[in-house]
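**Student:** Just dropping this structure here.
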Amino acid sequence: SHCVLMYTKRVWIPDPEEVWKSAELLKDYKQGDKVIQLRLEEGKELEYCLDPKTKELPHLRNPDILVGENDLTALSYLHEPAVLHNLKVRFIDSKLIYTYCGIVLVAINPYEQLPIYGEDIINAYSGQNMGDMDPHIFAVAEEAYKQMARDERNQSIIVSGESGAGKTVSAKYAMRYFATVSGSASEANVEEKVLASNPIMESIGNAKTTRNDNSSRFGKYIEIGFDKRYRIIGANMRTYLLEKSRVVFQAEEERNYHIFYQLCASAALPEFKTLRLGSANYFHYTKQGGSPVIDGIDDAKEMVHTRQACTLLGINDLYQMGIFRILAGILHLGNVGFTSRDADSCTIPHKHEPLTIFCDLMGVEYQEMSHWLCHRKLATASETYIKPISKLQAINARDALAKHIYAKLFNWIVDHVNKALHSTIKQHSFIGVLDIYGFETFEINSFEQFCINYANEKLQQQFNMHVFKLEQEEYMKEQIPWTLIDFYDNQPCINLIEAKLGILDLLDEECKMPKGSDDSWAQKLYNTHLKKCALFEKPRMSNKAFIIQHFADKVEYQCEGFLEKNKDTVYEEQIKVLKSSKFKMLSELFQDEEKALSPTSATPSGRTLLSRTAVKPTKDKLGQASKEHKKTVGHQFRNSLHLLMETLNATTPHYVRCIKPNDFKFPFTFDEKRAVQQLRACGVLETIRISAAGFPSRWTYQEFFSRYRVLMKQKDVLSDRKQTCKNLLEKLILNKDKYQFGKTKIFFRAGQVAYLEKIRADKLRVACIRIQKTIRGWLMRKKYLRMRKAAITIQRYVRGYQARCYAKFLRRTRAAIIIQKFQRMYVVHKRYHLMRAATIVLQSLLRGYIARNKYQRMLREHKAIIIQKHVRGWLARVCYRRSLKAIVYLQCCYRRMMAKRELKKLKIEARSVERYKKLNIGMENKIMQLQRKVDEQNKDYKSLLEKLTNLETTYNTETEKLRSDVERLRMSEEEAKNATNRVNTLQEEITRLRKELHQTQSEKKTIEEWADKYKQETEQLVSELKEQNTLLKKEKEELNRFIHDQAKEMTETMEKKLVEETKQLELDLNDERLRYQNLLNEFSRLEERYEDLKDDVNLMVSIPKPGHKRTDSTHSSNESEYTFSSEITETEDLPLRMEEPSEKKAPLDMSLFLKLQKRVTELEQEKQSLQDELDRKEEQALRTKTREEERPPMRGAELEYESLKRQELESENKKLKNELNELQKALLEKSSPEVTAPGAPAYRVLLDQLTSVSEELEVRKEEVLILRSQLVSQKEAIQPKNTMTDSTVLLEDVQKMKDKGEIAQAYIGLKETNRLLESQLQSQKKSHDNELEALRGEIQSLKEENNRQQQLLAQNLQLPPEARIEASLQHEITRLTNENLFYEELYADDPMKYQSYRISLYKRMIDLMEQLEKQDKTVRKLKKQLKVFAKKIGELEVGQMENISPGQIIDEPIRPVNIPRKEKDFQGMLEYKKDDEPKLVKNLILDLKPRGIAVNMIPGLPAYILFMCVRHADYLNDDQKVRSLLTSTINGIKKVLKKRGDDFETVSFWLSNTCRFLHCLKQYSGEEGFMKHNTPRQNEHCLTNFDLAEYRQVLSDLAIQIYQQLVRVLENILQPMIVSGMLEHETIQGVSGVKPPGLRKRTSSIADEGTYTLDSIIRQLNSFHIVMCQHGMDPELIKQVVKQTFYITGAVTLNNLLLRKDMCSWSKGMQIRYNVSQLEEWLRDKNLMNSGAKETLEPLIQAAQLLQVKKKTDEDAEAICSMCNALTTAQIVKVLNLYTPVNEFEERVSISFIRTIQMRLRDRKDSPQLLMDAKHIFPVTFPFNPSSLALETIQIPASLGLAFISRV
């Protein structure tokens, strides 16, 4: 260090106040100098004398760029002042409370709530390497968690420090981290229970002290258990050294345990009335400190939290009340008073209230308790004595009892907490968190301090060994020669305490002595150790004390009380009284008193040890148990400490040292003295000393090269970095002992890095001067050139002005001449136009008069022709009707005659049958045979009669219809008469109006004369008004200007308001959309969780029950997977489709499933219900399938009609089956002849059946006729289709009956009956046919009439509008007149018939008019379609001649089969069978690989195929098929995404196809808003029968879920790249110099993954973009994905920047800005600049700018505030706090500047959150994007395996 002083100017010197002071060398030190000339920082000069013995030079100070480092081991000079200064700078200036010191995390208590423990911070540290992030308790917890998973080794986090240093809070945050990151393996919320143990333990184990309002008065070691997947499954707690003396005594300004004050604060609660509590000032045990209230703490609220935590941990209300009862009893026991009878005895007053209450609460006898509180039992070898005790002894015994009860209760609660935290799952590993006292030294130190310091000695030894071991491993790994470094080993001190004849051993021995005392024990100590052990000393002025030299400091212990505290005396008789209590819980506390399996020794004024695992449970005899009970506190503590050390040694330790910065709890106040004292005590400086003894500074070769590249010349740089660094160091540092070359690192002695930094700074300073010189020269030359250019510009403008003035004069002269010319021309032009206009008016009037005359003449001729035509037509029709009537009459007569003959023949045959019956009366056998035949033929007759009945009903309905037509026609005739009357009245009205016209004309003449006079008068007025008008115009113009200005201002303000309101509405919309999509995301997460739970349930109960065996479904595996969901969807409302998976499962309730997994019986029930539901659904699906198979293939109207009648047919089938069963029963009842007799039951049943069959036949005929009429009326069919006939209906019925297995029996039974009844049926059928023929003739005549009407209408349409009305009226009058004449002649004899005929005629006219309108609409529609087809044919012809544009090539790739064939015109639909739906879903969705087949397809082909299938189902009007296909599709997409949801290509592919499917449903929905961009052909393909708007919403929700999954996949892929590529990698080489790394960088959890660069990110973005474009994703959606990707990149980068001090430098700001510019360039290349992605990087850009701008003056502060509008105040302040100079030319940000920034930003309303929400997903929208692809041109590749579907 002698030579080092020559280049280091600053040193540290000791100071009594500040511990260490900084000073600067005024004169170089030379070898042998005894005095050093120094100047302090405040300017004072002094001479520092060196120690003549040691001649030690003062400690050297580190360069400023190393101050404030995250890791103290990164400092070049490692010593106490450097450590203290670094901690102070970080704590005071940067407000950073955590710092690494090698493997130790130093945590300084800020005494202030800091926003650094939220969920966002936990997420930021999760998965990160320890050295990559700023120091934090979460980093230590993450390191422990990661090492546990990686090394398969248990971990420990050892948290130590003084009371008030923040140990408990640190341990609490570590546990919260594990709970948040790992989650629980079971559904019992173990992590919540682990965290819930904190409030309970704090209430019963924490108290207010002078140093800390929430001081832990016990130590604890919590083991958090994990399973094989490293999720929390449980925990276990061990406690140490409970301070029981606090129960009975508190010092000034201190409190008892919190639980007592919480009880007193809740005394008014009804359930606490029985405890008879009062104020805390009433009880002796709570009022001694005189400070019963803590500021800012509400004890009543804390009580609520404590009770909630108890409930969560399974301590029920009954047990809770028992705990409170015991605690209240302790309080009342403290108020028990004693009165002295004499010096050796005392009594308790009679019916003493506090003791009475205590006995009532504890359930013990008052007399016994009062007796044994004042007496004790003494046992000798021969007898026992009961001896009274003095008042002082009684008070001590009372307090000892209170402490003992509290210790037992404490132990009981710990046991129950451990039971609640215990897991049934096997523990795979654990992380232990040790929260224990640090080293303690007070003015008076007793047994408690001795035990605490003994424990700390053991922990320090373990710590030293671990640090030494790590250091040795590092040297060995790097193959550096290892020389043993001397380190402090405190084994001698431990031996002094715990070895044979050590302090504890002698103490136990003294306790066994009958007359042992503290004084005799002290003498034994002096005799044994005083001269033999250097660590043991005797105070000069005392014989009752001893001094031990601990690792941290010397401590003087007072011997008084050691024996009593070690023995832990409690009177046995008092305990027996409590054991005999009626209060069960109290006896529970003392049930293991004899066994002492859980050592709970108490001391009158000390603390107790509570170690549940100190001694293992055993089944020893009672004698051994009593011997065990006699173990002293020291012995028990030593055992438990050994057990703890065994546990810690079996784990990998992590150290957290908590430092208390001041004793007054002032926020961010640093007391150097107190800090140094604690640093020495906690072993931090020992770590430093071990590190400094060897090679403390370590650099990787790459880091060294990056930092000191400036010291090399180009020729020195070799490809081998290691050799390059070696060559440089050999030149710079001549002494080779100052450094060593390791395998991957260079090791430096202390101070060498500072030397290298000085050389580097000198080199940079020279370079800066050269740059400044060049820049200044360039600036001056630039200034000269700018002045010269300005002079030339001024000359040019002056000359230009002169030239413009001359040009202006010439232009004005020429303009005057042109104005004169045009004014003269205007006068002449105006005169000509007036004359021309007058001529044209005269011509138009004359020509109009001639044309009107000609029109009237033509109109009269035309009307005459029409009248003639209609008269002639009427005469022809009259003649035709007469002929027709005569012919029909002749036919009727002839048919009647033929029918009579036929009837006569039948009668003859009937008589012959009767004769044969009489002749053959005795032939019974023949009769029986004939009867059977009759029965069979009756059945045939029944079926035929049914057909006959159908025909009759059809005939009746047709007849009724025709009658109604006739009635309508009659009514129309009456209306026609009324119309003629109206015509007459209108003509009269016209004549009247003509008269009025003549009158008005005469009046007009008089008015015109008056108008001329008025005109003259008005002209005079006009001249006067013109003058006024000019004045008013001027005023008007002024007002207009004023109004215009006002309107302009108003419009501007309104526009501003409108813009603001629009922005607000957009924000509200985005918020609402975000909320909805978050809910959707949460729902999908819960849905997945539900599915997982259901799978777990199925797995747990997958063993089938005996005797229950399910048959395999006929469906394919895929259908069985999706049938359940599709059936569910059919029965649910659409909005609830996703949320309510089935009727039986109700809304998803997570708590229900948590309970289900615990209860086996309920699981069985659930499983059974699920299986039943599945069986039922499968049966339903099978029934549907069979019905579909039974149905013959149908087309068009037949299929529609059949689907409407399906339900009716099913009911008819059931009815037929029932009737057949009845018939069979009736026939089988008896075999006697009477069965078939006409009156027998079987005969009656047969007749009934026959009648019903005939009726059914009539119904069928009626349906056939209705169907025929529908098919005739429909004109949309291109080709004629076969209508259903009677035979087809019968065939269908027969087919259905065949399927049921019933037709065979029915046919055999009815065959004979059919023959007997066939003749009767034929006769009836003939009569029906005749009637039908007549009706058809009438229909034909009506059709002819209709055609004539259409022809007339067409003629009328050719006429002008005025003539149409008259022509139609004239024709109608003529027609009605002719018909009336005809029917008057026809019905001349019968006026009633004539009247009914006229009514029917009116009705018929009305019907015909309606039909005419419908046909007219149909004609117009067909004409439009014809035009569209013609246009399309033309386009196709032209398209074949033209080349295809490049845009079309991209959208629709050319394929070898692209030329459509002409033999069939496809309709853009795909037909498939219902049974093939699972196969369709499997081939098209589940088995489709985006990287395989899908690459060569049209983008979105699966979506087009699915939509074309939907179109066909819509065309068939099959709602069940549509619903099933859509549900299966949605479920299939969900299934494939669940299976391959982490593959970007798969998710992108299905996002694209889902959106395309959604767009197709919109484009072809038939809604006008979506049809704007369609071609006419596409409009023809619109859905006709179903509105799928609700399914569009479901698909939109699915697309949102896929988008969110895509974002998660993106994030997972990019996450490892972002920090490395955006922050760590040096894109611009040499700009940022790497600072010296600390130990944490060396011991990083995972090997450095610094392989990712910015190019890696851009390559990945290119890959994403290419995949999305290949899949045909909508451009707007690609923009949203890119925007989200950029947001994630910016947020992760900024969050990492805010948590990494080493990244906050000027050079890093430049790197970030360059990286962002590269990302922007990528956006430009991809035409994505308008996607909003750039704006998401704005916070990162501003943070980078903030790192680069000046940060000194108020102007700089103002500029920063205006520039950083995208950053929050917390983020700006954090960046300024973290800003770290990398070079000496940079300066730190002053505290005053940061405060200035905070003052300027205090009014800004922004989020207090520090980190950006990297998990935030912007709400996604799917703008409508119609496709130009024609559906009929789509070809299905054979590779998809969809041969079972056919194009339609």
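A Cβ is built for glycine as well, from the same backbone N, Cα and C atoms used for every other residue.
Curation does not apply to TrEMBL; its annotations are automatic.
Grabbed the feature section from TrEMBL, which reads as follows:
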BINDING   G161, E162, S163, G164, A165, G166, K167, T168  ATP binding site
COILED    913-1096  coiled coil
COILED    1318-1359  coiled coil
COILED    1405-1432  coiled coil
COMPBIAS  1114-1128  compositional bias 'Polar residues'
COMPBIAS  1134-1145  compositional bias 'Basic and acidic residues'
COMPBIAS  1167-1193  compositional bias 'Basic and acidic residues'
DOMAIN    6-58  domain 'Myosin N-terminal SH3-like'
DOMAIN    67-761  domain 'Myosin motor'
REGION    641-663  region 'Actin-binding'
REGION    1102-1145  region 'Disordered'
REGION    1167-1200  region 'Disordered'
**Student:** Provide the number of Cβ atoms within 10 Å of the Cβ of G164 (ATP binding site), excluding the reference atom itself.
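**Tutor:** G164 (ATP binding site): 20 neighbouring Cβ atoms within 10 Å.
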**Student:** With DSSP as the reference, give the number of residues of the domain 'Myosin N-terminal SH3-like' (6-58) in helix, strand and coil.
**Tutor:** 1 helix, 24 strand, 28 coil
**Student:** Using a 10 Å cut-off on Cβ-Cβ distances across all protein chains shown, tell me which of the binding-site residues (S163, T168) has the largest neighbour count.
**Tutor:** T168
**Student:** Which is it, of G161, G166: the one of these binding-site residues whose Cβ has the most other Cβ atoms within 10 Å?
**Tutor:** G161
**Student:** So around the ATP site, G161, E162, S163, G164, A165, G166, K167, T168 aside, which residues have their CB within 8 A of the centroid of those CB atoms?
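**Tutor:** Those within range, site residues removed, are N109, N212, S215, S216, G438, C658, K660.
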**Student:** Under 8 Å Cβ-Cβ from A165 (ATP binding site), six or more apart in the same chain: what's there?
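**Tutor:** Listed in sequence order, they are A107, N109, G438, C658, I659, K660, Q678.
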**Student:** Using Cβ atoms only, which residues of the same chain lie under 8 Å from E162 (ATP binding site) while being at least 6 residues apart in sequence?
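**Tutor:** Result: R211, Y437, G438, F439, E440, C658, K660, Q678.
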**Student:** Tell me the Cβ neighbour count for K167 (ATP binding site), meaning other Cβ atoms within 10 Å of its Cβ, over all protein chains shown.
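**Tutor:** Taking all protein chains shown, K167 (ATP binding site) has 27 Cβ neighbours within 10 Å.
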**Student:** Tell me, roughly as an integer, the mean pLDDT over the domain 'Myosin N-terminal SH3-like' (6-58).
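**Tutor:** Mean pLDDT across the domain 'Myosin N-terminal SH3-like' (6-58) comes out at 81.
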